[in-house]
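Taking it in order: structure first as structure tokens, then the write-up.
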Ligand SMILES: NC(=O)C1=CN([C@@H]2O[C@H](COP(=O)(O)OP(=O)(O)OC[C@H]3O[C@@H](n4cnc5c(N)ncnc54)[C@H](OP(=O)(O)O)[C@@H]3O)[C@@H](O)[C@H]2O)C=CC1
Ligand SMILES: CC[C@](O)(C(C)=O)C(=O)O
Ligand SMILES: [Mg+2]
Ligand SMILES: [Mg+2]
């Protein structure tokens, strides 16, 4: 099945420049969208609750900040970039009362629409512009004249122009420089959750920590284990990013390539693949969403415990010391927001 990919020439920035956009939330994605839209000549207002710790950041960066309800009332396009677990209450209390025919509600991830937690009225456009990368890189790439690819989807096309508006928005944040792929809320939500759980975040972090543990428990120096299992991973992934697994294999030694081909499938074996399928099933059935919403409503007891355990893993202390010797590595996350 071939996908539709849109680039800058397929998108009319004027469509979004003609609208007022409310960006609700000013975290990783919110700051990136708001600053890049503004730099693209779009009229942007930020929606944040009174007392939000993001307010000073947005104001320092010259943006006008209102409450979510005020911002939603003023705007033609409301982009929801608050945490997924906060969006349902935010929508009910501040956005729904300020929707009207002709307006559009946009999302950066399809969680709340896919799992039926938010149900917008039929008279508004419902669309998604979901960058396939962390917000701080979305902003950094835009500022460098590049872009992070994104997914665009239309759930509801009340105006008949929802896709064109979403593409215009994607252009405003640099997405169409790299390519905007047309998808659905369901496909984006399920693949995004699977990717972050099984491969990008959950899978990669567990692989790195486990490799570090095996080496250090066998008596090897933590510093050597850190470079081998974490630091060098970026250099290897950079080659995959540039030219696929084939380019990485071209660049490594024959010895490494033989080890890769003969041992890799023993690490990621059929048991791991079966577990990945199970994780995908929990996403597709809504089990993961129900678990995460309940965990959030209970005050996040497991989330907080697992976060603290991760932060206390010995690889973090080793990494802090080593990165201190490489000033070019430790780029502050607060650089753009
Ligand atoms: N992180 C990423 O790179 C990616 C995220 N996404 C999606 O983007 C969305 C936003 O995620 P992310 O940027 O990570 O979120 P963050 O946690 O980084 O930021 C959330 C922002 O929303 C604010 N906020 C919290 N509660 C409310 C509320 N009730 N009303 C309005 N604003 C609120 C926070 O303010 P305060 O500072 O006061 O907490 C903060 O500014 C999610 O749907 C996520 O799935 C999609 C692609 C990648
Ligand atoms: C990989 C994590 C992500 O899906 C992302 C940065 O794209 C997220 O939800 O933060
Ligand atoms: Mg993602
Ligand atoms: Mg995600």
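Placement of Cβ uses the backbone N, Cα and C atoms for every residue, glycine included.
Database features (TrEMBL):
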type	residues	note
ACT_SITE	109	active site
BINDING	26, 27, 28, 29, 52, 54, 135	NADP(+) binding site
BINDING	192, 196	Mg(2+) 1 binding site
BINDING	192, 228, 232	Mg(2+) 2 binding site
BINDING	253	substrate binding site
DOMAIN	3-183	domain 'KARI N-terminal Rossmann'
DOMAIN	184-329	domain 'KARI C-terminal knotted'
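Long-range neighbours of residue 29 (NADP(+) binding site) (same chain, six or more residues apart, CB within less than 8 Å of its CB): 81, 108, 131, 135, 138.
Among the binding-site residues 27, 52, 253, not one has its Cβ under 6 Å from an atom of ligand 4.
Within 10 Å of the Cβ of residue 253 (substrate binding site) there are 8 other Cβ atoms, across all protein chains.
In the predicted model, residues of the domain 'KARI C-terminal knotted' (184-329) average a pLDDT of 97. Mapped onto three states, the DSSP output places residue 29 (NADP(+) binding site) in helix. In sequence order, 202 are the residues of the chain that are 6 or more apart from residue 196 (Mg(2+) 1 binding site) and have a CB within less than 8 Å of its CB.
Residues 192, taken from the binding-site residues 28, 52, 135, 192, 232, are distinguished by a CB atom under 6 angstroms from ligand 3. When Cβ atoms from all protein chains are considered, those within 10 Å of residue 27 (NADP(+) binding site) total 18, not counting its own. In the domain 'KARI C-terminal knotted' (184-329), the DSSP tally of helix, strand and coil residues is 124 helix, 0 strand, 22 coil.
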